[in-house]
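**Student:** Below you will find the structure I want to go over with you.
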Amino acid sequence: MPETEVNPTHSKSTGLPRKRFYRARAHSNPLSDSHFPVPISPSHVDYSLHYPQFFPSAGQANNSKKIQFADIGCGFGGLLISLSTLFPETLMIGMELRDKVTEYVKERILALRVANPGQYQNVSVVRTNSMKYIPNYFEKAQLTKMFFLFPDPHFKEKNHRRRVISPHLLDEYAYALEVGGIIYTITDVEELGEWMKSCLENHPMFEALSEKELEADPVVKLLSSATEEGQKVARNGGQTFPAIFRRIVPSDQTP
Amino acid sequence: MEEREEATKDVEVAPALIAVHPHQRSVAVAIGPDLRVFDLHASAAVSLVDDSGGPFHSDSIRAARFGAKGKLFVSAGDDKIVKIWSTEFWRCFCTVSSEKRVCAVAISIDGSYVCFADKFGVVWIVDLTGYDGNQPLGDKKATAILSHYCSIITRLEFSPDGRFIVSADRDFKIRVTVFSKRPLNGAHEIQSFCLGHTEFVSCLAFVHGQDCPQDFLLSGSGDSTVRLWDISSGALLDTCEVSIKAGLLESSGEAQENDHAITDLCTVLDSLLVAVAVQSLQGIVLVSCNHSARTLSVAKVVPFAGEAFVPIGLGYCPSEGILWMITGASSLPRSSCPSLARVRVISGFDVEQEPAVVEDDKVPGGEKLLETLQGTVSVNGNVFLEAAEAVKTAMCNLLIKKQYPAENRDFRKRTRNDRKFKP
Ligand SMILES: C[S@@+](CC[C@H](N)C(=O)[O-])C[C@H]1O[C@@H](n2cnc3c(N)ncnc32)[C@H](O)[C@@H]1O
């Protein structure tokens, strides 16, 4: 904190927000209607609020930089923090449904910006329901990477439609991703891993990355290590099931 | 608890619907579970025949329309069945069941597919390719092709070139999806989203350019605007604030929020004009559409003198230059007459003439038609105002999200039945 006022929700030694003040219910129902502001269209997203260093004043039209990475259901934001320094010139955003968790990530980023001047300016977070509002945030082919790390499993058959990876939702992700863009998914729930993989395999606009490509991609290693959920699974020695696919042009479109 | 079907009485109120054959061979009205068709060539009421072996509609019809060529007709609604009719002899040759209530339908331009949307935002397709129009089709299953996640789809429309299927929803959104050559495999490729409305989208229509091959999309919304879109990019070309520009806000004094939602629109006169029905307005707003300049502007309001009549549904017949309008509803609460329909027409859109409402005896088909479609010839204006008001309430309840203040929300949670412990 710049002023030395004591913030009880932040650690005294590091200035970082403490997670226990931001915990909420573990799972929330993405189908219930919550009320939070939703931008009317991607051009209504105020970049100067999210990335003040890149966009010093509101409505800066000459800066054509756009968000390129989206971490869907970002939780406490560990992945974004790691990606921020790995891709310092890329704008990235976390989308999180839980209000308190989103607040935590916001505070975390602000604290990191203060502690590390010039860094972490390219990351931000919004509270939203990604299952409904992706098209309000991103234009067609705007994103180069989308992340779905350790999403809620929704085991019961009748709740499968709450899953963030589903055949119909993949249409929207394919819309937001540029051709060649990559969708990263990982889970420690084997059944969900199978589900995500088969949804992606059966979708005409995605194809799996080859072993070689996976090895060459520095982001792949972060999937199981960078997020809070990933670290928990690793501590318990759990197995993980990744599925990583590339956005392609559907074959009935190629001449 | 899953998304509740709103069980309040007002939502059960179903607006009366009207559909006009593209060459005005017949006019159909749906009111509650009733489908009424008048054959203008034979000048007689049509008796519907069901060859499909399925049941007739047993609950409110929520969508009813002709295909582009007029050979097919589809009706569907709260009873979760979709009935497909051949208009030649008005035989229903196919009844498809849906898992959920159906709220919108569309027929592909070539007549090969019927699509319908259910209340959970899923769009389904029924394959009619190779159907010769004579035999009843056996059991037909619908296949899901796309989904608006947990939204209510309000309209479905095919682009005139047949390349796209357009779906509009209560979350202010219009999705334009490529309708592929093998649509049973799904409609995965999203061409664009048309975003700009700030309330539910209630109606869609295409405008054809006279000298330019590009078709633009029109949409009407609960935000009282009509908007013009380029569907290939999703770009918003123009916004017409119908209720402000037509002077409705002044005339009604302190306008309430959502008082002037657009309920329906359709293009007239080769797309030079757009007829717009507005909630609470006893008249029709004519918006002129300048295709080459890509602009919309209010041309005039055609007021209805005399009888109180708030149109809620529209249909236009290009060959005759006649605009058909309907008001009315079924399942009206607190009414002596639970279902009401009133049909009127406007003619005289030709440039030299002034469009005007036609007297009942001058309506094509005359009083016989009115008796068939309305169920009666005699009308009492006030009950229709009540009906229009009930439709308005139902529409708002269904499509506008309730804003619960935080304390209220907590209270709702605590009192929700599914959370209550058994004593
Ligand atoms: C199990 S956590 C994983 C968090 C993080 N990705 C990680 O690996 O640590 C899943 C997160 O997704 C969020 N979530 C669930 N549905 C969502 C939705 N529809 N939109 C946005 N976030 C959602 C939940 O609130 C939760 O924080």
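Cβ atoms here come from the backbone N, Cα and C positions, even for glycine.
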**Student:** TrEMBL has A:E96, A:L97, A:N129, A:S130, A:L149, A:T227, A:E228, A:E229 binding S-adenosyl-L-methionine. Which one of A:G73, A:G180, A:G181, A:G193 is in the same site?
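**Tutor:** As annotated by TrEMBL, A:E96, A:L97, A:N129, A:S130, A:L149, A:T227, A:E228, A:E229 share the S-adenosyl-L-methionine site with A:G73, chosen from A:G73, A:G180, A:G181, A:G193.
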**Student:** Long-range same-chain neighbours of A:S130 (S-adenosyl-L-methionine binding site), Cβ under 8 Å, sequence gap at least 6?
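**Tutor:** Non-local contacts for A:S130 (S-adenosyl-L-methionine binding site): A:I72, A:G73, A:M95, A:L97, A:V164.
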**Student:** What does the structure give for the C-alpha distance between A:D152 (active site) and A:E229 (S-adenosyl-L-methionine binding site)? Integer Å is fine.
**Tutor:** 11
**Student:** Give the helix, strand or coil assignment DSSP yields for A:S130 (S-adenosyl-L-methionine binding site).
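**Tutor:** In three-state terms, A:S130 (S-adenosyl-L-methionine binding site) counts as helix.
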**Student:** Any idea of the Cα spread of the S-adenosyl-L-methionine site, A:G73, A:E96, A:L97, A:N129, A:S130, A:L149, A:T227, A:E228, A:E229, as a max distance in Å?
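**Tutor:** Per the listed residues, the maximum Cα distance equals 20 Å.
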**Student:** Taking only same-chain residues 6+ apart in sequence, whose CB is under 8 Å from that of A:E229 (S-adenosyl-L-methionine binding site), what do you get?
**Tutor:** A:G75, A:L149, A:F150
